[in-house]
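What follows is one structure encoded as structure tokens, with my remarks underneath.
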Amino acid sequence: MTNNEIIAATDGSSLANPGPSGWAWYVDENTWDSGGWDIATNNIAELTAVRELLIATRHTDRPILILSDSKYVINSLTKWVYSWKMRKWRKADGKPVLNQEIIQEIDSLMENRNIRMSWVNAHTGHPLNEAADSLARQAANNFSTRSAHIPGPGWTERSAK
């Protein structure tokens, strides 16, 4: 870790998979965001959290460490994406890559940026992961009950530690 590296946790939640779903990214109490839908899968929610973090931070040149409890997301974005691109977005079995559109978008957002990803074990007390998990679950619950969803403050260089 460098001293100006942004450390952010991302998480997604789907109540029925597919069902009411939420996503969140979290840096600190002043720097986070969340959202969701009436129906989506957990993987779409997890990927959306990463995409939204990368969009929010697109104007910073600081390195970013993304913490995720989704091995699917980490493997998709750091390992499998290279072979999928070589195979024209087909898996080894010849079938199309699931969630291809959002994975392509994230891959583009990661281009020419210093982005690292690291897996964290879910629900083990990691403070950033727990915060992102809570916000994603709250967003999913808001969409489930059709309650108003209030997004977070988002990203500014000044607010991020």
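Every residue, even glycine, has its Cβ placed from backbone N, Cα and C.
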Among GLU29, GLU46, GLU52, GLU101, which residue does Swiss-Prot name as a further Mg(2+) 1 binder in the site formed by ASP11, ASP69? GLU46
Could you give me three numbers for the domain 'RNase H type-1' (2-141), the DSSP helix, strand and coil residue counts? 57 helix, 41 strand, 42 coil
Spacing of the two Cα atoms, ASP133 (Mg(2+) 2 binding site) and ASP11 (Mg(2+) 1 binding site), in whole angstrom, works out to 5
Per-residue pLDDT averaged over the domain 'RNase H type-1' (2-141) comes to what? 96
Least crowded of the binding-site residues ASP11, GLU46, ASP133, counting other Cβ atoms within 10 Å of each Cβ, is ASP133
